[in-house]
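**Student:** Dumping the structure here so I can ask a few things about it.
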């Protein structure tokens, strides 16, 4: 069943959108990893041992929910005929994106170095900085220098990784890499970027697992010394919640975790009694000995729906998640469909990508983390657009910055590209 879940998630990722990477594809890629791979890993590691939890049932429920959601909401795909200049930035806007991205990345590194406690703010600032830099380089008039810009972005990614990654929260590093790859795929004539993701998934997992194993040595929270703990534990935690629910020991939240997520961006310093996220709620049920230590757990989005509404919640999850992911998917298509001729268009494009790659957080632990992480990045992006973006929007674009191209009237008609 775990192998089937892995193959299904990877197949939807490959199929949906053709050469483009879509929000639907990303959510299913997350499913292949957090459900399919996790189930395979735990089965192989404890082949002859009784896991003590309904692991097969957990995988089967997740698989059934995913397939039904795909059939009802995602299987039709979204087909649009896009002009060849869709998602391309002019010279001035691309230059603005590059400068803004570099400024944010430098600011984030400085914040982390001067005030280590500012990391919760510095991290999204640096994240958005790398994304804006990528938009300016990969979607601007000079985007054909793909190898050169790839090296520049690799350096920027390395700076983020070195100064803003603490060894924990590896999914943030993964989503940043995916954001860059989503942009790269928009220039593909063939699904090369998708092949790169599927082929490079295993080496990337092993690398990140090694980092976690090294960083977590001596940590009281570490229960899996090979570094895969936080990646495979959500499925196991969901299975534990199923067992508690069957025994009548799991209380009902009745939507409380979603209400908590809605206020997730309110600073705790401004609201001393601010409710905690779903991950913190889980500790009392899964690891009661760690209550009060600041530890947080993850039990998939399925666990959040089970906690709130019981088994009925898993049925309610189908239309809600189906519509949310489809909405993000349509937002990404819409933001990619027009030329990026203003900072506002760049902001919409970058914001849609941030929302799409953040779906990994949504499946991994639920709504609170998705809102907090993605919302913080979107707030940074909005602040940049509002503070300095208007300076570019009101100015004409000099010809030498737009690129050496013939006027539209003198060019031959260009065929349209199809994106699904």
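Glycine residues also receive a Cβ, built from the backbone N, Cα and C atoms like all the rest.
TrEMBL: automatically predicted annotations, no manual curation.
On a predicted model such as this, the values are computed, not experimentally measured, just so you know.
Relevant sequence annotations retrieved from TrEMBL are reproduced here:
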- 20-41: transmembrane segment (TRANSMEM)
- 53-74: transmembrane segment (TRANSMEM)
- 94-114: transmembrane segment (TRANSMEM)
- 121-138: transmembrane segment (TRANSMEM)
- 150-183: transmembrane segment (TRANSMEM)
- 195-215: transmembrane segment (TRANSMEM)
- 305-328: transmembrane segment (TRANSMEM)
- 340-364: transmembrane segment (TRANSMEM)
- 370-390: transmembrane segment (TRANSMEM)
**Student:** For the transmembrane segment (53-74) and the transmembrane segment (305-328), check the count of CB pairs under 8 Å (sequence separation 6 or more) and say whether it reaches 3 or more.
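**Tutor:** They are in contact.
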**Student:** Can the transmembrane segment (94-114) be said to touch the transmembrane segment (370-390) if we require at least 3 CB pairs below 8 Å and skip pairs under 6 apart in sequence?
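**Tutor:** As far as Cβ distances go (cut-off 8 Å, pairs 6 or more apart), the transmembrane segment (94-114) and the transmembrane segment (370-390) touch.
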**Student:** Mind checking which residues reach the transmembrane segment (340-364)? Cβ under 8 Å, same chain, six or more beyond either end.
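**Tutor:** Contacts of the transmembrane segment (340-364) (Cβ under 8 Å, skipping residues fewer than 6 from its ends): 22-23, 26-27, 30-31, 34, 87-90, 93-94, 96-97, 127-128, 131-132, 135, 139, 171, 174-176, 178-179, 182-183, 234, 298, 300-301, 324-325, 328-329, 331-332, 334, 370, 373-374, 377-378, 381-382, 384-385, 388-390, 392-393, 397.
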**Student:** Under 8 Å for C-beta pairs, could you tell me which stretch among 20-41, 121-138, 150-183, 370-390 has the largest tally with the transmembrane segment (305-328)?
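**Tutor:** Out of the listed stretches, 20-41 contacts the transmembrane segment (305-328) most.
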**Student:** Please figure out which one of 121-138, 150-183, 370-390 racks up the most CB pairs under 8 Å against the transmembrane segment (20-41).
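**Tutor:** Ranked by Cβ pairs under 8 Å, first place goes to 150-183.
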**Student:** Other than its close neighbours in sequence, what residues sit by the transmembrane segment (150-183), given a CB gap under 8 Å and a spacing of at least six beyond its ends?
**Tutor:** 21, 26, 101, 105, 108-109, 112-113, 119, 122-123, 126-127, 129-131, 133-135, 137-139, 193, 196-197, 204, 208, 211-212, 214-216, 230-231, 353-354, 356-358, 360-361, 364, 373
**Student:** What else in the chain is close to the transmembrane segment (121-138), if you only count residues 6 or more beyond its ends and a Cβ gap under 8 Å?
**Tutor:** 89, 93-109, 111-112, 146, 149, 152-153, 156-157, 160, 163-164, 172, 176, 179-180, 183-184, 186-187, 340, 346, 349-350, 353-354, 373, 376-377, 379-381, 384
